[in-house]
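Structure first, commentary second.
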Amino acid sequence: MLPLVHQILFFVFALLAGGLGLWGFYRLYRRITRGAAATEARFDRPVARLVSALRVSLTQERTFRRRTVISTLHAFIFYGFVYYLLVNVIDGLEGYIPFHIYSKDSPLLAAYNLLADILSFLVLVGVISLVIRRLFLPSKRDFRFTEKTLLHPLVRQNYILRDGLIVSAFITFHVGSRVLGNAAKMVEEARVLGGFDPYQPLSGALGRALFSGASEQAVEGWRIFGYWGALGSVLAFLAYFPYTKHIHIFMAPLNYALKRPVGSGVLPPMKGLEEAMEAEEPKLGVEKLEELEWPRLLDAYACIQCNRCQDVCPANATGKALSPAALEINKRMELNVIASHPSPFTLKPAAFESGASTAHPLLEYAINEESVWACTTCGACMQVCPVQDEQMLDIIDIRRHQVMVAGEFPPQLQTAFRGMERASNPWGISRDKRMEWAEGLKVPTIDENPEPDVIYWVGCAASYDPGAQKVARSFVQLLDKAGVNYAVLGKKEACTGDSARRSGNEFLYQQLAQENVETLNTVAPKLIVATCPHCMNAIGNEYKQLGGDYKTVHHTEYLETLVAAGQLPLERLPEHVTYHDPCYLGRHNGVYDAPRTLITRMAGEVLDLERSRENSFCCGAGGAQFWKEEEEGRERVSDNRFRELQARLDSAQVASDEYERTGKVVAVGCPFCKSMMNSTPEKQGRDDIIVKDVAELLLESVQRADGTFQTPAAAPTGPVPDATPLEQPEVVSAPNALTPMHRTGDQPSAGAPEAVEGETGSELFNAQPGSPVQNRDTQPEPQAAHPEASARKAWQPKTAPGAAPVSTETAPAEAAPTRKSWKPKASGDDVSPAPVATEAPAAAPEAAPTRKAWAPKAKTDDVNPAPVAAEAAAQPAEAPTPAPTARKAWAPKAKAAEAEAPPAASTTPAAELIPSAEPQPAPAATGERKKWSPKAAAAPAEVPAAEAAPVEAEVSPPASAPTPPAAAPGERKKWQPKAAPAAEAAPMSEPAATETPITEHVHLSEVGENALEEGQQATSAPEVGRKKWQPKKKD
């Protein structure tokens, strides 16, 4: 018990300090509630929320997800402070009420004294250890930021370090004072009880060491000092506490209690979007601090500033400017600056707390624009955050403002936006071509099978990308083998809008989503199965915000049920298989076991990675990154991930079991992950590693079991699967952008020479065995090509899905005429077909006119084409070949011709795309080719004029260069990443020595023209990286 004077003084001090502390917490509440209203429920189910918050707080389960040793030290402090809430109350009462807590009186009192004694010393150990770590140990790098990261001025002034030292000093003084005071009290009690309390061994030992020979007055003085030091420091600290990062000890449990009712895969809705866009000054997304929802301002105060989110961020790990930790810290620093005016110790609130707006946008002090667009929305930051902050949602809200209000976003995204707006897919390919992936298979549409048990949602990737098409074809073959009653929506299917929403274009997302919701509500599906996790997440989780509630599963989950039911017999595969967890399947939707179960049944085991399941590392495609170039950094995200996959497979080769394994496979469950892993520069030279979807592996296993599997050597001859690109898209991609979805499929086996893998950099693109490596910087001298090898065969769709790649030198299958593999031209501007043997010319419609030479169109409203020379003069009146067999040169404004005559054997050099002042004679047609036929047949059939729809293709800016000699029919030239230097146009008198640019073979609609001109402004693609998409030539 304290002396009376001390009791009075302490009571007055407690009132003043407590009042000032409460005023500080009230101002803190005013700042948090300045945020916008929450769009999601935060106060429903109060009992469940309270229980959840207590469980997460007391178990520290989120803290222990990483840094086990550091988390243990942090737990010492946390549990000590939680217990000290009780200890401080009892110690405070002891100063005014004469009572004693002797351990000998009760087991409960003994337990209380023992815990207080142990936790006091553990708190001191934790604080001192963490201070040493932050200041002196190599782990202090955890608190560093890159030079590119935007930091608040307070952070650069070492505010965090200064604040940490102040708080550490307070904790040390607070707990140390209590330990000293308790040690003195142990000496006093020992004189009364005849010995030290055995349940307070540490305090007793310290008392014997310090006060055993001290007088009673000295011991009493130390006890009073301990009382004032322990409790007085707490009261004095209350005024400063709302401004220190250690306020998270209160805000973190509050964050747990007010967490979102949905997972990280669901973005908050934007209500009243149309009305807001019609306003004179639309308020969409977030520009300033107060426009964030109030729970995001609470995040800033809950943040521990531990930088764990930065550790797991794929953008930060690869040298980009983004740091989710810096975003929360910068928000907190700005709130502190706002609160410091006029003074934190006055009774006058700050202007911001009274309703004034902040002076600066978030992009000036919280996060820069480069960081905003570097986010892959993988959700790793939200998953690892110990206090459950929502960093990713802040970035999405900022993107919404940048796209829908400011109109400032990466130019490559415009191509994807236009494709989704006009063709309902980011590729911009005609919706009429949405079922071409199923050619040769009997895939029922919803019109043909109106009451299916399963709706297979194909998705845009599987509809238009050759690599993803293999996944769709494998999956429907598995459904057929299992006897599943299924259907697809076909042309009724539209893009789910995932990329639009993640990139901030909420308006476009809602347009696409509402269309799909109306379609699905009409169909009333029993179950939707998707091979794309992004589609699965949007339909199953986000469409509920728009009135669409559907049971949706991933194809690996559904296939697992079919295998478990015995509907798909399996045989073991002879490969080592590792598995990459897609972010939108694993972290966002919690599906980890289904794909692993299937792989284990097929391959015996899954070679799990160090970064797997919840800790998986992103492939780099999410958050609309797939449709744009990555921000500048040390490396690509896909490179970082592929190195880990490669190392795991290489290490498993040594520790192989008794079952002989002959291959290395990276299994994925997402078409975008497959494309990224296949096309990453790190994969160059690793043809032994094959990237496949789980469905592709399962189909091979089932075919081995039922005896229908064909090895590459025994496979029938036919077209190379996925080696030929799709039809030209309706909207072109930015020519210098990092264009997604390379044109190749999976890595082939060694026995299939025509099966090629997408490579990047200076290596071959769709390379065939024996093709020489050619550097585009050292072009060969132009040579005349043989007329017999200049004509090109008409494209014919494949009919046998699963057919192994074989050489095109063999005779084609009777049901499907052989088509030559696609290859890029050597000059690097675009691509040209490999010349093949001349065929008899196909009959052309009588009305086929002569083509005009290509010339770029004039600048339009929203795009700015690259500068070109003066427009070329018109073609001579007389055509070099008869009208029925000649065709016009491509012109950007013209619609697609109703039919085309076979092309001339000679082709136009790329240099002629640069118009000259003098008219040039048109090249003579020396050979003909067959017209394109959309259906597989033994012989090419003419296409009616009505079927020739206008399409667009990606066209790179014209560049002239010496044209290499024409390749032999069995060869394809290498892909070259850089544009060749401009050269003089090849003489028109030698047309056979040149190749026709892709622009001579395609027809651009207005969509393509606009996107082409805008794309010419895009930044240059890197020398290595994901290959640019190149459309196939239309005959």
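Placed from the backbone N, Cα and C atoms, the Cβ positions cover glycine too.
Automated prediction, rather than curation, is the source of TrEMBL annotations.
The feature compositional bias 'Polar residues' is assigned by TrEMBL to 763-781.
According to TrEMBL, the compositional bias 'Low complexity' annotation covers 803-818 (among others).
Per TrEMBL, the feature compositional bias 'Low complexity' maps to 833-850 (among others).
If you look up TrEMBL, you'll see 865-912 (among others) marked as compositional bias 'Low complexity'.
For 934-958 (among others), the entry in TrEMBL reads compositional bias 'Low complexity'.
Marked as compositional bias 'Low complexity' by TrEMBL: 977-997 (among others).
Here TrEMBL flags 708-727 (among others) as region 'Disordered'.
If you look up TrEMBL, you'll see 737-1035 (among others) marked as region 'Disordered'.
The feature transmembrane segment is assigned by TrEMBL to 6-26 (among others). Same-chain residues lying 6+ beyond the ends of the transmembrane segment (6-26) with a Cβ under 8 Å from its Cβ atoms: 95-96, 224, 227-228, 231-232, 235-236, 238-239, 241-243, 344-345, 347.
Same-chain residues lying 6+ beyond the ends of the transmembrane segment (69-90) with a Cβ under 8 Å from its Cβ atoms: 58, 60, 63, 101, 115-116, 119-120, 122-123, 125-127, 129-130, 133, 139, 171, 175, 178, 230-231, 234, 249. Annotated transmembrane segment per TrEMBL: 69-90 (among others), in sequence order.
Feature annotation from TrEMBL assigns transmembrane segment to 110-132 (among others). Same-chain neighbours of the transmembrane segment (110-132): 70, 73-77, 79-81, 83-84, 87, 101, 103-104, 164-165, 168, 171-172, 175-176, 178-179, 182, 197, 199-203, counting only residues six or more beyond its ends whose CB sits under 8 Å from a CB of the stretch.
What TrEMBL lists as transmembrane segment is 224-243 (among others). Distant neighbours of the transmembrane segment (224-243): 2-3, 6, 10, 13-14, 17-18, 20-22, 24-25, 27-28, 88, 91-92, 95, 166, 170, 173-182, 184-185, 336, 339-340, 344-345; these residues of the same chain sit at least 6 beyond its ends, with a Cβ under 8 Å from one of its Cβ atoms.
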